[in-house]
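Listed in TrEMBL for this protein:
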REGION    1-54  region 'Disordered'
COMPBIAS  14-25  compositional bias 'Low complexity'
TRANSMEM  111-132  transmembrane segment
DOMAIN    117-286  domain 'Amino acid permease/ SLC12A'
TRANSMEM  144-173  transmembrane segment
TRANSMEM  193-221  transmembrane segment
TRANSMEM  242-261  transmembrane segment
TRANSMEM  267-287  transmembrane segment
TRANSMEM  411-431  transmembrane segment
DOMAIN    413-681  domain 'Amino acid permease/ SLC12A'
TRANSMEM  451-477  transmembrane segment
TRANSMEM  554-578  transmembrane segment
TRANSMEM  599-623  transmembrane segment
DOMAIN    695-809  domain 'SLC12A transporter C-terminal'
DOMAIN    820-893  domain 'SLC12A transporter C-terminal'
DOMAIN    994-1090  domain 'SLC12A transporter C-terminal'
Amino acid sequence: MPTNFTVVPVEDGQPSSPDSDVQSPEGEDEEKPGLYSGEETPGEDSPFITTGDHEGSCDGKNMALFEEEMDSTPMVSALLNKLANYTNLTQGVIDHEKAESEDGVKKGPQMGTFIGVYLPCMQNILGVILFLRLTWIVGTAGILGSFAIVFMCCVCTLLTAISMSAIATNGVVPAGGSYYMISRALGPEFGGAVGLCLYLGTTFAGSMYILGTIEILLMYIVPDGALFVDKANEPVAQLNNMRVYGTCCLALMALMVFVGVKYVNKLALVFLSCVILSIMAIYAGVIRSAISPPDFQICLLGNRTLKNHDFEKCLKTEVINNSTVTTQLWEQFCNGSSIDADCDPYFALNNVTETKAIPGLLSGVISENLWGTYVPYDTVLEKNLSVAEVPESEKEKLKNVKDMPYVFNDITTYFTLMVGIFFPSVTGILAGSNRSGDLRDAQRSIPIGTILAIVTTSIIYLSCVVVFGACVEGVVLRDKFGFSVKRTPVIGILAWPSPWVLVIGSFFSCCGAGLQSLTSAPRLLQAIAHDGLVPFLQVSTSLKLSDYLLSRRIASLLYVFPSFLSFPLFFLMCYLFVNLACAVQTLLRTPNWRPRFKFYHWTLSFLGMSLCLSLMFVSSWWYALFGMLFAGCVYKYIEYRGAEKEWGDGIRGLSLNAAQYALIKLEEAPPHTKNWRPQLLVLLSLDSDLMVKHPRLLSLTSQLKAGKGLTIVCSVLQGIYMNRGADFLKLFSMAAEKTKGFCHAVVCSNLRDGFSNLIQSAGLGGMKHNTVLMAWPCNWRQAEDSSSWKNFIETVRETTSAHQALLVAKNIDSFPCNTERLTEGTIDVWWIVHDGGLLMLLPFLLRQHKVWKKCKMRIFTVAHLDDNSIQMKKDLYMFIYQLRLDAEVEVVEMHASDISAFTYEKTLVMEQRSQLLRQMQLSKTEREREVKIILHRCSIMENVHLISLLSFYKYLHLCFLFHQAHMFHGKNTKSHTGSPSSDHVHMTWTKEKFISERNRHREASQGVRDIFNMKPNQSNVRRMHTAVKLNEVVVNKSQGAHLVLLNMPGPPKNKGGDENYMEFLEVLMEGLDRVLLVRGGGREVITIYS
C-alpha cells in the first residue's frame, strides 16, 4: 500500500514570546555584519550557526543536536532534491556527443517508451531473417513445425523480457543495459563473462546483417556485380563474393560509426520506416492474393523445379510459322537445338508444366504445406507429383544432374538447424534496455516497451508463418534464393505493389541493423573495460579507434569462417543469465529486491532459463559447449586476475544463504570421526609495527590444509577498541603465505583475556575451530616479563577445558616455507600416550602438501620392562595398516633406571629458580630490599664449601639468577636517577612501621637462606627423570628428522608448578630442531573403518 509523507515546517530562530514583539529596525543586519559574515564569533545566546562547514544544511537551533554529524549524515531537506533530480548519462557516446554538439552541453534524457524502447526493439527484431529466410523455414519445416519454432523462440524472449523488466525496475538503472543489470545482479565474474559473450554476439550479429545486405545487393539488385563467377562451383564463388563485398561494406560502416554516431542515430528512423513499409507491403500482398493472385509462374519438369532465369518460355518446343522449333530449355537438356538431338532421358519422358508461385490465400495450398520436408544436401527441389520413371536401361544415359538447370537444396536440412537459423531474428529485445541512459523514465519504459514489442513481433512472425504457408507454393517456399522465380526474393513476389518495395526496404533494414550493432558493440566493450573487470581491456576505458577496429576484426571472422553463424548461443547465454539473476534475487528475498514490475515469478524465470539452455543445445550442441567453455574461462580469469568488486550481487547473497543453511545443518549433530578434520585457530603475535612475528606459522597452516578445514588467523591488540579501530586495516597478510581462511582480531586490555575470548568465541555454529595452533614462547627464561609463558600455560589449560586439540611449534622460524621442497627425509611421530590419534593424522596431512611430499613417516612407541616389544611392534604395524597409512614402525625399549645425580641437581636448580622468582613478585619497595639481600648473599658463592655441595651447573645457574636480580635492581633504580639519593629507600618511619619492616627483613633473609638449604620435590624429580630419559631416546633416534611430533603432557593442576612445567617441556625438546607438540582434544579423530 502507498506510503504517505508529511512535511512539517519548523520555525527557525527563537520562540515567540510577549517580550519579543519588538521588530528589528530596517537595516539592522547591515549594522551587524559579523552576525552573518563570520567576522566575529557570536555568543552562546546567538540563535545563528555561522560555521561554514554546515552552511545550508543546518541553519537553525532546531537541528543543532545533529550539527556534529552533518558531514556523514546530511539533512533530508538538502538530500531530497538531489535524489529526485537524479539523471544518468549515456555511457560510451558522451565523448562523441560533446564534441559534435554545437553548444557542447549534454541534454537530459527525453525519450519515452515509444521512441526509446518500442521502435528500437521492433527494428532489431524484424530484420534479415524475416525478409530472406522465413519463407524457406516455412517451406522446409512446414507450417506446424515453423509455428512451433517461432512460438518457442518468442516465448523464450518473452520470459526473458519479464525477468529483465523485474531487474530493470528494481532501482535506477544507469546506462549499460543488460550488461549492467546482469553484472550487478550476479556479480563481476558472471557480469564480465556474460558481457563478453554479449559483445561477441552483438558483433557477429552485425556481420549477419551485413551478409544479408550483400546477399540482397548481389542476388537481387546488382546480380552482375559478382567478382567471382564459377558455374561449376557456384557456392564457393558466391562465398568469395560475400567475403570481398562484406569486408568492404564492414569497413565503410565502421568508418561511418566512428566518424559520426549521431548521424547513425538520425538514420535509424529512416531504416525503421523501411521495415514498416516492407511489412505493410507483405500484408497488402496477402490481401491481394485472396482477391487476385499475382501472375508469377514457376516451371516444373515432371516434379522437379527449374531455374527460369536462363530461358524465357517454359516449353520444350514451340510452333513458329507452322514449324516446330526447340526452345532455350531444350538446349539445356539436349546435345543440340535439333529436334532429333539426344536428350536427357528424364527430360524426354516428362512434360514441362507451369504452376502458380502464389496460388492465393484461398487456394487450399495450406494443407500441402502443413508438414515439413527435410532433404539432404544437393537434392533437387521436387513437388509431390506422379512422374514417369526412367527405365534401368536408360539410366546410364542420364546426364550429370549438376549440369542441369534444376533448383538444388544447398544444405542438409533438419529441425534443429531451423531453430538455430531462426533464433537470431528475435535477439533484438535488449535494444531498449541498452538505451536506459537516454530514457525519461527507464523503470516504466523498459517493461512496457520491450514486452509490447515482443508481443507485436510475435504476432507478426506467427501470422507470417501461417500466411506464407497459405499463399505460396511449397517448392517455391523451399527455394531459398528465388531461382525459380527469376532471382526474385520469394517474399518479394508476395508483396504489393511491387517486389522492389520489399527488396529496397529489406536492403536498408539490414544496413540499419548492421550499423546499430556496430555502434552498440564498442560501447558494450567500453562499459566492461570501465568497470575494470578484465585487466587486458583497461586500455579501452573510453571509446577509441581501437575499440571499433577490434569490433571490425571480430566481425570479419564471420566472412572468413562462415561456421560462426551459430552466434545465437551468445545471446542465449545472456538471456539465460538474465533469467537466472531474476530467479536468484526472487528466491533470496533480499530486502533490496523491490521491483516495481509485479508480473514476475521465479518459476517463470526458471522456465525461461531452461528454455534458453534447451535452445542452445538444440541449435548446436557443440557450439553450446564451446560457448559455455568460453564463458567459464572468462569467469575463472576474472576471478583470478580481475579487479575485486562488491556490488551486492545475488551470488554473494546465495552464498550467504547456503552458508547459513549449512551452518544450521551442522548444528544438529557433531561431526563423525570420518568427517573430522583440523579446524585451525592460529594464534599470532604481533610486533610494534603490527607485523606478524612468526610468518612461518601461516606457512605451516597452509601445509596442514590438505584436510580442507577451517582456518581462523587471529591476534590480540592491547588497548581500547575505539582508539585502535584503524589498526585493523593493517593486520595479517595471509595472501603472501597462500593461506586461505578468515582473519579475526580483538582489542583487549591484556593479551591473556584477548586470547581467552578468541578461544571461546571464534567461529560460528558448527564451523568452530577444534584445534589451536601457536608458537612455542622462545627465550622465556630470559624474558623480563613472565607474562609470555604464563599466557602460554593458561592457553594450554583453556584448550584442554574446551576439549580442543593443541599444536605447539618449537623453532617455528626454521620451518619450511611454501616454496621450499624438502628432500628425502623423515617425519617422526613419538606415540607415547593415545589421545585421539591426532599424532597419526597430522603427518598424513602434511605429506599431501608438496613441501613434505617426499618425506617418509616413522612411528615410534616406547616399551617398558613388562611389555612384549615384539608383540607391540606387530600390533602397531597391523594398526597402521588398518589406518591405510604408509609408515615405518619401531618400538623403543626404555627400561627403568636409577635417578642420576644430574637429574637430581637439575630439578633442584629448577625449584630454586622458581622459589627465587616467587620471592621477587613483591611490591616495588619490597623488591628493592630483596634484591639487596640477594646481592649480599652472592658472596656466599665464593665459598669453596658451597661449591663442593653444588654441582658446577648449579653454580652457574644460580650466578645467572643473581645476575638477573642485579639487572632488575639496576633497572628499578635507574628510574630514580633524578633524585640525589636514589640508592636509598625514603620512608616516613613510625613505631609500627619500624616493627613491620624489621619483620619483613627477617622473613626475606629467611627466604634466601631457604633457597640454599631446600631439597627438591620427589614428584618433580620423577618428572624431570622422565623428561631427561625420553629426550635422550628421541634425540638418539630422530635428531636428523625434518620434523618430530611429540605428545604434549598436560599442565599441572596446581598453578604453583607452572614454571616447573615449562622446564619439563624445555628438557623434553632439548637438542631437536623442529618439534610439534601435539595435545589431543579428548575425542577420536581417526578410524580404521570406511
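Each residue, glycine too, has its Cβ placed from N, Cα and C.
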Mean of pLDDT values spanning the domain 'SLC12A transporter C-terminal' (820-893):
89
Which of 111-132, 193-221, 242-261, 451-477, 599-623 shares the most C-beta pairs under 8 angstroms with the transmembrane segment (267-287)?
111-132
I'm a bit unsure how to read this: which one of 193-221, 411-431, 599-623 has the highest number of Cβ pairs shorter than 8 Å with the transmembrane segment (144-173)?
599-623
What are the DSSP helix, strand and coil residue counts for the domain 'SLC12A transporter C-terminal' (820-893)?
24 helix, 21 strand, 29 coil
Contact set, same chain, for the transmembrane segment (193-221): CB under 8 Å, 6 or more residues outside the stretch:
127-128, 131-132, 178-179, 182-183, 186, 238, 241-242, 245-246, 249-250, 253, 424, 427, 430, 481-482, 487-489, 492, 503, 506-507, 510-511, 513-514, 517-518, 520-521, 524-525, 527-528, 533-534, 551, 554-559, 564-565, 567-568, 570-571, 573-574, 577, 627, 630-632, 634-635, 638
Output the single range from 111-132, 411-431, 599-623 maximising the number of Cβ pairs under 8 Å to the transmembrane segment (451-477).
111-132
Quickly jot the same-chain residues contacting the transmembrane segment (599-623) by Cβ under 8 Å, restricted to those at least six beyond its ends, or write none.
152-153, 155-156, 159-160, 162-163, 165-166, 416, 419-420, 423, 566, 568-569, 572-573, 575-576, 579-580, 582-583, 586-587
From the DSSP assignment alone, can you count helix, strand and coil residues within the domain 'SLC12A transporter C-terminal' (695-809)?
51 helix, 27 strand, 37 coil
